[in-house]
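Here is what TrEMBL records for this protein:
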type     : residues : note
DOMAIN   : 95-511   : domain 'Major facilitator superfamily (MFS) profile'
TRANSMEM : 138-158  : transmembrane segment
TRANSMEM : 165-185  : transmembrane segment
TRANSMEM : 191-212  : transmembrane segment
TRANSMEM : 224-244  : transmembrane segment
TRANSMEM : 250-270  : transmembrane segment
TRANSMEM : 342-358  : transmembrane segment
TRANSMEM : 370-387  : transmembrane segment
TRANSMEM : 399-417  : transmembrane segment
TRANSMEM : 423-446  : transmembrane segment
TRANSMEM : 458-481  : transmembrane segment
TRANSMEM : 487-506  : transmembrane segment
Amino acid sequence: YQIFLYFICAFQNISCGIHYLASVFLSVSPQHTCRPPGNVSRVLFQGISSWRLEDIWTQFSIGREDHIIVQLQDGEIWELTSCHSFRRDNKSSLNYDYNGHKSSFPCLDGYIYDKSKWRSTVVTEWDLVCNREWFGRLIQPTFMLGVLLGAVIFGYLSDRAGRRLVLWATSTGAFLFGIAAAFTFDYYSFIVARFLLAICGSGYLVVVFVYVTEFVGMKSRTWASIHLHSFFAFGTMVVALTGYLVRTWWIYQIVLSTVTVPFVLCCWMLPETPFWLLSEGKYEEAQKVIDTMAKWNRTRSCKLSELLSLDHNGSAGNKPSQVEKHTLSDLFYDWSIGTRTLIVWLIWFTGCFGFYTFSLNSVNLGGNEYLNLFLMGAVEIPAYIFVCFGMDRVGRRSILVFSLLSSAVTNGVIMVIPKDYHVWCVVASMAGKFAIGAAFGLIYLYTAELYPTIVRSLAVGSGSTVGRVGSIAAPFCIYLSSIWIFMPQLLVGTLAFVSGVLTFMLPETLGKPLTTTWEETEKESSSGKLLSTTDNTVLENIAVVNSEDSGLNK
């Protein structure tokens, strides 16, 4: 029964992965030039003469400011560049080089775009080039801002309204806003639709992690939670495949949005989690869910009334004591804990920043951009398998250090590979994505184990928030490649190296029970040992409760 629920929920993660990276092809900015202010009779480009302006795109060189000479039917001669047009005063010479006087004008008649790869994109739809270029560059950062807001909103609502309702609402919202984005009439409505889509997608990722955690047993919880990331990676591969097959942006957006339909049709079958029902005092409904699970699994059910009649001390009917509220300042309990918190935040930032930088930059590596993005998604799956096997054998800290330093090294390797060696650039980038993906998949669990129960959810939630700031910053990092082509690799590599070195300062948590108080944490820091003050059942419940404020930080 749990396997059935898991794969239904995990399938929707594919849709989330799709929307998070759909802008890679939505916001493609093709070669362009000013539209001539009249009917063209002849075109000249670097000694090549043609009658049609559309025939010269194959001669353009990316990164070089070329200009096109056109002669209009009225005899005027214009020089066209990507953002300006120049009218020559001398109408008798159609030579490519001209030293006479000419008047400068902006592209008042719009632009002509190269449609050899994409028939239309968001950029070509609303002319997001030249002085409007930053509007196009804000598409992904504003989406990530919605991701940050959605995690906060729906993390709170799932505790009040229940996991099932929020899963249905967020998936339905993702479908509706995804379709709405395809039919928007201007740039601003498109941004609003994508922003609301991001809120829903992020809300789903947060709540589905809690939902799965509360249904999957302790034995399989680590594998189940980490491999939810794998379905997100499948979404990246779907984006690459769809981008290759569909070259019109609004059709592309509709096709990607339809991936949500199967879950919307099936989510009515999802039950509410027994944990949430019990927390709301709905014992009969919780018992029905337990009975259904037992029937599907062909095993004997249990009576919740008997299990809940005794607490862990063997007494009945005692209400839990009031829980003390904790604030962000508690993560800086002393100098040692404060240092630990700053290091953990840096790792969260580096993981998310590097994760999206590798994915978004894949289309700039040369070669086939669709294959590049597909491989960037595919390489995540073995990375998560590597984490699952490695962290229980050599330790969390060792795997994290290895992953971060490996990412730093691969970024350095990318910087020394000649630009024409596209295959080697892609291979090195895949190695870097593998390494940063492994760190990304491990940091949530490691953070939860580094802090005592009283602030565990606060630590994971704050780290998740810092990570989302890294997600917002990643698109801007890609734009810095216009200053220097290897600027993204330099920034990611530097952050990964610093984070990897600082991770040596964190304690290993493999094979140690979770701490519950600051005193136990201090003893763990000084002696390397943790006090076991809680049994496994209590720890399991703690892990479930504290997962509610975190979720998958995609």
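Just so it is clear, glycine is given a Cβ too, placed from its N, Cα and C backbone atoms.
The stretches the transmembrane segment (399-417) and the transmembrane segment (487-506) are in mutual contact, each linked to the other by at least three Cβ pairs under 8 Å (pairs 6 or more apart in sequence).
Long-range contacts of the transmembrane segment (342-358) within its own chain (CB-CB distance under 8 A, at least 6 residues past either end) are made by residues 144, 376, 400, 404, 407, 429, 432-433, 436-437, 439-440, 443, 447, 450, 459, 462-464, 466-471, 473-475, 477-478, 488, 491-492, 495-496, 498-499, 502-503, 505-506, 553. Proximity of distant same-chain residues to the transmembrane segment (423-446), defined by a Cβ-Cβ separation under 8 Å and at least 6 residues beyond the stretch ends, is recorded for 222, 225-226, 229, 233, 344, 347-348, 350-352, 354-355, 358-359, 361-362, 365-367, 371-372, 375-376, 379-380, 382-384, 386-387, 391, 396-397, 399-400, 402-404, 406-407, 410-411, 413-414, 417, 460, 463-464, 467, 492, 496, 506, 509, 550, 552-553. Here the domain 'Major facilitator superfamily (MFS) profile' (95-511) has a mean pLDDT of 86 out of 100. At the 8 Å Cβ threshold, with sequence separation of at least 6, the transmembrane segment (250-270) comes into contact with the transmembrane segment (224-244) through 3 or more pairs. Beyond the ends of the transmembrane segment (191-212), by six or more residues, the same chain brings 5-6, 9-10, 12-13, 15-16, 19-20, 23, 138-139, 142-151, 153-155, 157-158, 163-164, 166-167, 169-171, 173-174, 177-178, 180-181, 184, 224-225, 228, 232, 270, 273, 544, 547-548, 550-552, 554 to within a C-beta distance below 8 angstroms of the stretch.
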